[in-house]
């Protein structure tokens, strides 16, 4: 992110987060369509709702809770969520090498790195300007399993994609809340 006005930094970060969240949601839906029998979807979705690693990070659960946090806190949460996926996403391409729909996974990593840099640029702007070492995650998500013939691998990857979608939704929400707080505009209703 080159030097630019704060409003542009926020606008770019929100657009990137929104795009990644849409990509994660589309990938999840496509995986579900391709691999999960329709009769099992509801049961499996409920079973995975508590299995996300990010739930151990004390992040705001919704927009109202996010509005009660400072911008710097929300940026830190967003950064932690993004960084927790940098490693696992690199295995998406390997897990789905022969699947056309998952062919964008190599770009997902680049897009996550780009969003990470954007969030770090916002943190530098909002803090005292000096780069601070962020909280380093000792634990992240498991890698995606490349053995697509195994039911266990399918269920694991389905759960990971569900968490990926949820975490990117959180990061997008936090960035939107901050942007709307600072720059009131018509697109703040979400």
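Cβ coordinates come from backbone N, Cα and C, glycine included.
Keep in mind that this is a model prediction, so the values were computed, not measured.
As written in Swiss-Prot, here are the features:
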BINDING   19, 172  Zn(2+) binding site
DISULFID  52-163  disulfide bond
MOD_RES   105  phosphoserine
DISULFID  180-188  disulfide bond
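A map of Swiss-Prot features onto the structure.
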{"residue": "19", "record": "Zn(2+) binding site", "Cβ contacts under 8 Å, 6 or more apart": "111"}
{"residue": "52", "record": "disulfide bond", "Cβ contacts under 8 Å, 6 or more apart": "162, 163, 166, 167"}
{"residue": "172", "record": "Zn(2+) binding site", "Cβ contacts under 8 Å, 6 or more apart": "14, 17, 18, 20, 21"}
Disulfide-bonded residues listed as 163, 180, least Cβ neighbours within 10 Å: 180
Assigned element (helix, strand, coil) containing residue 52 (disulfide bond), judged by DSSP: coil
